[in-house]
């Protein structure tokens with residue numbers, strides 16, 4: 001193989017790539033959850049004033065709350081739409097380019113939010129929230145796919161946990177920026193809603209410098225040399241053929257297969273338990289009630305008796321607790337527990353390349369639909385159950401944990417072929433576990449791929 005195009009790499013490249021992708025990905029998700037809490041009363045007043053100016057109608061309190069709930073929850077419907085288009089986008093454009101193009105939705109949303117006050121249009125805020133949701137829906141699907149296909153298998157758990165860290169950091173950042181002393185005041189709420197453009201701009205300036213997913217380059221595009229160069233840059237050393245063999249094996253297994261459509265997975269018995277697993281765990285991610293705190297922190301803390309002027313600081317406390325827990329989990333939990341339960345990377349670990357985009361579409365759809373449901377019903381749970389409003393969520397957490405413990409195979413440090421064999425036993429229980437002979441890789445296991453040498 002020609003040495004042309006080979007580039008030097010560094011272990012730091014993978015770390016910086018993760019940061020760049022996450023700043024415009026899961027950080028945005030957490031940030032956009034959090035920034036809607038601070039301007040609640042200001043935007044509600046803006047809604048009432050707009051109705052009064054246009055139609056000389058004074059809205060009742062419940063009507064203002066309804067419009068506000070729609071503005072908050074419509075973010076989830078945008079996320080649902082984003083999850084549906086993420087799969088076709090990744091197939092057409094690749095993982096990295098998809099993340100870059102995704103910023104079109106974000107920048108348009110920021111512009112609408114910024115000008116909504118001048119235009120006297122709360123509808124522009126709604127459209128902005130839909131577009132921000134689309135951006136989050138795409139990035140929440142594509143980012144873990146990009147990470148899972150780029151990370152060495154012994155680091156998949158740690159790298160997937162980094163997505164949770166950036167989500168929690170985004171929440172804290174949104175809460176801090178939303179302080180009345182910064183952008184959470186009445187004159188500045190439109191700037192707060194548009195401030196999500198800054199992380200997006202950072203991603204646009206940095207992500208183009210990093211390589212595409214090695215698996216996408218080899219399996220989808222058939223460009224072996226580009227795959228090796230990407231691996232070399234991400235690993236910071238010569239490419240071990242054991243890793244390349246695994247990708248070549250997956251390429252052989254999916255050769256001649258087209259990308260699956262989501263509805264085809266529901267009728268494919270060979271992925272039955274994989275599909276059940278991602279649907280249950282993706283749903284549990286939202287039905288645990290965690291994100292409802294950030295949507296409706298004002299309602300929760302008001303019911304708890306905290307004064308209005310202290311609620312913003314109590315909200316920051318919740319975000320800081322989650323962020324701290326995520327850091328501790330990355331530092332210790334990765335070494336003590338298995339990594340399969342990390343929702344974002346699970347479809348990468350249990351579906352092959354042909355089914356992976358469709359699996360992410362289904363997982364993302366379940367996550368966003370359940371977030372919409374929680375967003376719509378949570379205020380009523382607070383009103384009806386008061387201090388017991390999180391009991392239903394606790395029951396769901398318990399049931400989800402039981403499912404993971406009893407039915408989800410361990411994935412840590414295992415190749416896709418090994419994981420697929422374990423699921424094959426579940427999908428075809430009682431039948432002979434038979435796999436066709438795999439196409440042999442082009443390199444000997446454990447041998448250094450010398451074509452990457454300078």
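Numbers here mean position along the shown chain, with the first residue as 1.
Cβ atoms here come from the backbone N, Cα and C positions, even for glycine.
The domain 'Major facilitator superfamily (MFS) profile' feature in TrEMBL is assigned to 18-454. Confidence over the domain 'Major facilitator superfamily (MFS) profile' (18-454), given as mean pLDDT on the 0 to 100 scale, stands at 84.
Among the features that TrEMBL reports, transmembrane segment is placed at 12-31 (among others). For the transmembrane segment (12-31), the residues of the chain that approach it from at least six positions outside its boundaries are 96, 99, 102-103, 106, 132, 135-136, 139-140, 142-143, 146-147, 150-151, 159, 162-164, 166-174, 196, 199-200, 202-204, 206-207, 209-211, 233-236, 294, 344, judged by C-beta separation under 8 angstroms.
What TrEMBL lists as transmembrane segment is 66-87 (among others).
According to TrEMBL, the transmembrane segment annotation covers 99-119 (among others).
Taken from TrEMBL, the feature transmembrane segment applies to 125-146 (among others).
Under the heading transmembrane segment, TrEMBL lists 158-177 (among others).
Sequence annotations record features per position, and here TrEMBL assigns transmembrane segment to 189-210 (among others). Here the transmembrane segment (189-210) has long-range neighbours at 13, 16-17, 20-21, 23-25, 27-28, 31-32, 35-36, 38-39, 42-43, 96, 99-100, 103, 106-107, 109-111, 113-117, 125, 128, 132, 135, 170, 177-178, 183, 233, meaning same-chain residues at least 6 beyond its ends whose C-beta is under 8 angstroms from one of its own.
Annotation source TrEMBL lists transmembrane segment at 323-346 (among others).
Taken from TrEMBL, the feature transmembrane segment covers 358-381 (among others). Same-chain residues lying 6 or more positions outside the transmembrane segment (358-381) and placing a CB less than 8 Å from one of its CB atoms are 65, 69, 72-73, 75-77, 79-80, 82-84, 86-87, 90, 133, 137, 140-142, 144-145, 259-262, 264-265, 271, 274-275, 278-279, 281-283, 285-287, 289, 291-292, 295-296, 299, 343, 346-347, 350-351, 389, 392.
Look at TrEMBL and you will find 388-408 (among others) tagged as transmembrane segment.
Between the transmembrane segment (66-87) and the transmembrane segment (158-177), the number of CB pairs under 8 angstroms, six or more residues apart, is fewer than three, so the stretches are not in contact.
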